[in-house]
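Visitor: One structure is given below, represented as structure tokens, and several questions about it will come after.
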Ligand SMILES: [Zn+2]
């Protein structure tokens, strides 16, 4: 093959390959910068990394108010969702979405121990505060099921909680008196 023709072929080949290779490279670098898609939250369950970060902030705020958010289910594999759905269909398990239709499979839903009724302190805390962290209820019959939907969950107005109730102002802790005797 004469030299100019070879060079033209090489240039053409590089032009064809370079954008694909570059895009691939950018994708890999982006994935590495963000870390894995699903990450572990306290208690061993896993959530999508964005939901997990927000959930951990919410759990910390709950702890500071004396409530612990216990997780019973978070990210589920297709097989786990399918098994739960089959049990539900047989009348043997709690309500479960058809596999492929649950936000548990996307790591965006979390089931919490809410104490069995809507009057429990844990449920009351979630109802009043979860929206500040992008979480809200999505299934009317499942008070334990909360989803991370930051785009469609509005933050409370200033001075109000997620239910529109006035925020309780916690009293400032009394200052500790320290003796500063110079002698
Ligand atoms: Zn759920």
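The backbone N, Cα and C atoms fix where each Cβ goes, glycine too.
Because TrEMBL annotations are produced automatically, they should be read as predictions rather than curated entries.
Since we're looking at a predicted model, the values are computed, not measured.
Feature list, courtesy of TrEMBL:
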- 45-150: domain 'D-alanyl-D-alanine carboxypeptidase-like core' (DOMAIN)
- 149-183: region 'Disordered' (REGION)
- 1-23: signal peptide (SIGNAL)
Visitor: So what pLDDT does the domain 'D-alanyl-D-alanine carboxypeptidase-like core' (45-150) average out to?
Guide: 95
Visitor: Within the domain 'D-alanyl-D-alanine carboxypeptidase-like core' (45-150), how many residues are helix, strand or coil going by DSSP?
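Guide: Across the domain 'D-alanyl-D-alanine carboxypeptidase-like core' (45-150), the residues distribute as 41 helix, 17 strand, 48 coil.
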